[in-house]
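A short write-up of the structure that comes next.
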Amino acid sequence: MTKYVFVTGGVVSSLGKGIAAASLGAILESRGIKVTHLKLDPYINVDPGTMSPFQHGEVFVTEDGAETDLDLGHYERFTSAKMSKRNNFTTGQIYEAVIKKERRGEYLGKTVQVIPHITDEIKSYVKRGAEGADVAIVEVGGTVGDIESLPFLEAIRQMGIEEGRNATCFIHLTLLPYIPTAGELKTKPTQHSVKELREIGIQPDILLCRADRSIPADERRKIALFCNVMPEAVIECLDADSIYKIPGQLHDQMLDEIVCHKLGILARAADLSVWENLIRALENPKQAVDIAFVGKYVDLTESYKSLIEALNHAGMHTESKVNIHYLDSEEIERSGCAVLEKMDAILVPGGFGKRGTEGKIAAIRYARENKVPYLGICLGMQLAVVEFARDVAGMAEAHSTEFERETPFPVIGLITEWADRSGKVEKRSEDSDLGGTMRLGGQVCKLADGTLAREVYGSGEIMERHRHRYEVNNTLLAQLEEKGLVVSGRAPVTDLCEMVELPADVHPWFVGCQFHPEFTSNPRKGHPLFTAYVKAAIARHSASRG
C-alpha cells in the first residue's frame, strides 16, 4: 500500500518546498524505499506551457510530453523516479475534468460543488499519480492562507483520515526571519502559519524551518510547544551554497528516520555516499571555465533551471568549476561581441519571440568564426542554421518564419506534421491553439556515423525530449549541406533535422540540437552532450592560457 508525505509551505512563497521534497525523496530512496513525487499547482491554467517565464520560470518537459512545473525537474534530478503527466496537475485540470464529467451526466443531476466533487477529483488524481510507489511525496503549491490552495488542503486533510495516521505524514515548510535590531530569529510567523493550517484541520507532524543561521535550542523548544510538534521534529533548513547539500543536511537531523517512524516503515540505513562524492567534486575543482550564456531571460535564471543544473553536473563530472556569464542578447545587439572575447565557450538556449534574436545570431557568428566551442539548444540550433545560411551559404535574408513570415529563405519553418512517441501522426497549422500543441516529449533520434554527435553519445540512436513548433526546413537543407553544414541527427520516421554540427576541420566543437538535453541530465550521471561541451571549453581554456 502506498503511503503519503504531504509537503505544504507557509509565511511566504519560494521557500524551497520542491528542493525539500526532492531531498527527502533522495534520502528515502537511498534507504531502499521506492518513491515518487507529485506537485499540485493551484493556478487555473491547465498547464504552465503558455505562461511567461517571468511569471512561472522554467517549463519542465517529461518523457511522455507533459509541460510541467520546474519542481518536477528537481524530483528527477534527486531521485531515479521518472515523472509523467500524472505527477503534476493544476486547478485548471481538475475543474476541466469535473466539468467534462458533469457534461457527460456522471453526477446524475447532482449540484456539482467544490466539496465533495472537486476534492474527490483531487484525491483521485493524487492516488493515480502515486500508484506503484512505496511512498508518494506530494507537494502542495502556494502558501497556506491563499484562497487558491484551499481545495487542495481540504483534499489532503481528508486523505489523512481516509488513509490512516500510519499512512500519512504532514510536513510544513516555514520561515524564521532574523531581525537585526532584535538580534534574534522570530518564531511568530511560523506559529501563525501552523495555526492557519490547524484551523483547516491539518496538524503538521514535522516542521522544516528555513533560516539563515542555526536555530537555538530554546527557540526550537518554543516552536515545538506552540506548534504542537515534538522538539526533534523541528528541523532547521539552513541556506546552502549548493542544493545538493540539502539531503545530507536533512539526514543529519534524522528527517528520514522521523518520516519512516511516522509511516511505520522499516528500512535499511541511508547511504548518501553518492551525494557526498558529488559535493567533494563540486568543492574541489581542478580547473575553471567561463561560459557565455546568451539569452533573453537572463535576469530571471529560474527560466533556465535545468540547463544551469546540467552545466553544473558537467562541471562535477569534469572536475571543473563552470562559471556561467549571463549575457543579454539585446545588449549584444547594441554593443557588439567584445564581451565574448574572454569566454571559453558560448551557449544559446531555447526561447520564443523575435526580441534579441539578432544578438544571439551575432554571438553564434562569433563562435563559428573564432572557433569557440558552441552549443545551441532548440532555438539556439535554429539560429545557428540561420547564421550559417546567411553568412556561409549566401542566403543573406534567411530567417525563421516564426520571426519573418515573408523571408525569401525560410530555413526554419513551422512543423505541420510529425510522429509522436507511439507513432501517431500529429498535425498543426498556424491557427492551432498555443497550449499543448508543440512537439513534446521523448523522441528517437538517429545519429550519423562519423559525426561528433555519434562520438559524444557513443550510440547510433538516442532518445531526447522536445518542446518546439519550428524545425529546420528540409527543402532548403540540401543546399546548406552542400556548403558544409553537417546534419548529424535525424528523426527516423519524419526525417526531421534534430542535430547539426560543423566538420572537425572547420571548427573544433560546434553542435546544435533541436531537443532539450538538459531535461535528462542529473548530478549522478551528468549528460554526455554537456560533459563533452565542458571538456571542449576546458581544452580551449588550456590552449589559450598555454
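Placed from the backbone N, Cα and C atoms, the Cβ positions cover glycine too.
The active site, nucleophile annotation in Swiss-Prot covers CYS378 and is backed by sequence analysis. According to Swiss-Prot, the active site annotation covers HIS516, GLU518, on the basis of sequence analysis. Annotation source Swiss-Prot lists CTP binding site at SER13, ASP146, ILE147, GLU148, LYS186, THR187, LYS188, PRO189, THR190, GLN191, LYS222, citing sequence analysis. Feature annotation from Swiss-Prot assigns UTP binding site to SER13, LYS186, THR187, LYS188, PRO189, THR190, GLN191, LYS222; the stated evidence is sequence analysis. Sequence annotations record features per position, and here Swiss-Prot assigns ATP binding site to SER14, LEU15, GLY16, LYS17, GLY18, ILE19, ASP71. What Swiss-Prot lists as Mg(2+) binding site is ASP71, GLU139, and the listing cites sequence analysis. The L-glutamine binding site annotation in Swiss-Prot covers GLY351, LEU379, GLY380, MET381, GLN382, GLU402, ARG469. Annotated domain 'Glutamine amidotransferase type-1' per Swiss-Prot: 290-543, in sequence order, evidence recorded as sequence analysis. Marked as region 'Amidoligase domain' by Swiss-Prot on the basis of sequence analysis: 1-265.
Structural mapping of features recorded in Swiss-Prot.
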residue : record                   : Cβ within 10 Å
SER14   : ATP binding site         : 11
LEU15   : ATP binding site         : 19
GLY16   : ATP binding site         : 20
LYS17   : ATP binding site         : 25
ASP71   : ATP binding site         : 27
THR187  : UTP binding site         : 20
LYS222  : CTP binding site         : 17
LEU379  : L-glutamine binding site : 26
ARG469  : L-glutamine binding site : 17
GLU518  : active site              : 27
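In the structure shown, the C-beta of GLY380 has more C-beta neighbours within 10 angstroms than that of any other entry among the binding-site residues PRO189, GLY380. Looking at the domain 'Glutamine amidotransferase type-1' (290-543) alone, the prediction's average pLDDT is 91. Distance from the CA of ILE19 (ATP binding site) to the CA of MET381 (L-glutamine binding site) is 31 Å. Other C-beta atoms found within 10 angstroms of the C-beta of MET381 (L-glutamine binding site) number 28, with every protein chain shown included.
The sparsest Cβ neighbourhood within 10 Å, among the listed recorded positions (LYS186, LYS188, HIS516), is found at LYS188. Using Cα positions, the member of the binding-site residues ASP71, THR187, LYS188 nearest to GLY380 (L-glutamine binding site) is identified as ASP71.
Across the residues annotated as binding CTP (SER13, ASP146, ILE147, GLU148, LYS186, THR187, LYS188, PRO189, THR190, GLN191, LYS222), the widest Cα-Cα separation comes to 31 Å. GLN191 (UTP binding site) sits 42 Å from GLY351 (L-glutamine binding site), counting Cα to Cα.
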